[in-house]
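**Student:** So that we are looking at the same thing, I have put the structure below in structure tokens.
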Amino acid sequence: MKRLLLLGATGSIGTTCLNALRNNLAEDIVLAGITAKDSPSLIDRAREFDVPYLYLTGGEGGKLSEFIEKTHPDIILNAIAGSDGLGATLECIKHSIPIALANKESVVMGGEFMLSQAKAFGTEIIPVDSEHSAIYHLLKAKRADRLIITASGGPFVDRMDLSSVTVEEALHHPTWSMGKKITIDSATLANKGLEVIEASLLFDFPAEKIDVTIHRQSIIHSAIETEEGAVYALLSTPDMTLPVLLALQGEGTGLKNVVKRLSFSTPLSLTFEGWDRERFPLLSLAYKTLEMGSYARIAYCQSDEIAVNAFLLGRIGFTEIASIVEETVMSMPASNVQSYEDIIRIKQIAKQKAEALC
């Protein structure tokens, strides 16, 4: 049996993981411990799954290291939402235990520093995002010249005027059921921007070798193109259960019927389109941050959190999210962090700048 420590048990990915265990889709995995910020929900989950250890606060703070030592996990799933997950990732890395990483902010904000720490401690980072999970497994089989990341396009792919978008409209995603922040990010394509940054850093690909295509069906999760021009893709129904369990248990380990199978005996349309750089400037900005350095990437991530929260609270309009993020990012020098203290400092500067703009 593989002992799992689940960080962020009450969020979207944490819930997906628990549903998979509840439905006996991964019989070789047992929960060694869970963490969350919500006390009642955490206790309910601990009782249901007979979890021996629970940790309240969502996986941050110095005591996380003690919790890891107490639970003796074989793998850790970091499903903490937002930039709070970076501190937890860095703490987990020190224990040289494989990390199934659903927290993209850890890569975007931690960048080269986080990855160098993982290398120094011999800690394997396994991506959980469906797009990066697809690329991760495709690259095991083929050598790629180009990465192709798919995007559903969100709810506004066909809407030309975004000035009057409401919170309710932005939270209505056409294919995925997710938390509020990531759903808004999908509507602005900031989420795809974060994924481009994550893919560049995780797989060591330059920005010009990473393309984004609008694929409304969300059947193809990502693809790679070889130097010969052949394209290999991973297809499945849009369900996060598959990438979560592939990260935790791996291919060829007895997983069966994890998601509903695609039917190739009935008509199936797969479409691809370019994306509008004027209506979705945050995706363009993400590419630019890869040229500017880690200060800009941290600012992109932090200011987006602030702006999205302000939009959800009704303090700013939908299109102002991009304006606030861009102004915050462009205020940063083209430089790179050298330590976790640097990351915290730049996060705070970006936070103050974005809050002032809201």
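FYI, residue positions are counted from 1 along the chain as it appears here.
Placed from the backbone N, Cα and C atoms, the Cβ positions cover glycine too.
In TrEMBL, annotation is done automatically, which means it is predicted and not curated.
Since we're looking at a predicted model, the values are computed, not measured.
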**Student:** Given that TrEMBL assigns ASP129, GLU131 to the Mn(2+) site, pick the one from GLU66, GLU69, GLU195 that the record assigns to that site as well.
**Tutor:** GLU195
**Student:** Where TrEMBL shows LYS104, SER130, GLU131, HIS173, SER186, ASN191, LYS192, GLU195 binding 1-deoxy-D-xylulose 5-phosphate, which of SER83, SER116, SER152 is named for the same site?
**Tutor:** SER152
**Student:** Select one of GLY154, GLY179, GLY193, GLY229: the residue that TrEMBL places in the NADPH site alongside THR10, GLY11, SER12, ILE13, ALA36, LYS37, ASN103, GLU105.
**Tutor:** GLY179
**Student:** Through the lens of DSSP with three states only, how would you label GLY179 (NADPH binding site)?
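**Tutor:** Note: GLY179 (NADPH binding site) is coil by DSSP, not helix or strand.
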**Student:** When you rank THR10, ALA36, HIS173, GLY179, ASN191 by Cα distance to ASP129 (Mn(2+) binding site), which of the binding-site residues ends up on top as the closest?
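**Tutor:** For ASP129 (Mn(2+) binding site), the spatially nearest of the binding-site residues is ASN191.
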**Student:** Distance check, please: Cα of GLU131 (1-deoxy-D-xylulose 5-phosphate binding site) against Cα of ASN103 (NADPH binding site), rounded to an integer number of angstrom.
**Tutor:** 13
**Student:** To see if you understand the setup: which same-chain residues, six or more apart in sequence, place their Cβ under 8 Å from that of SER12 (NADPH binding site)?
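**Tutor:** Long-range Cβ contacts: ALA79, ALA81, SER177, MET178, GLY179, ILE182, MET240.
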**Student:** C-alpha of ASN103 (NADPH binding site) to C-alpha of HIS173 (1-deoxy-D-xylulose 5-phosphate binding site): distance in Å?
**Tutor:** 20
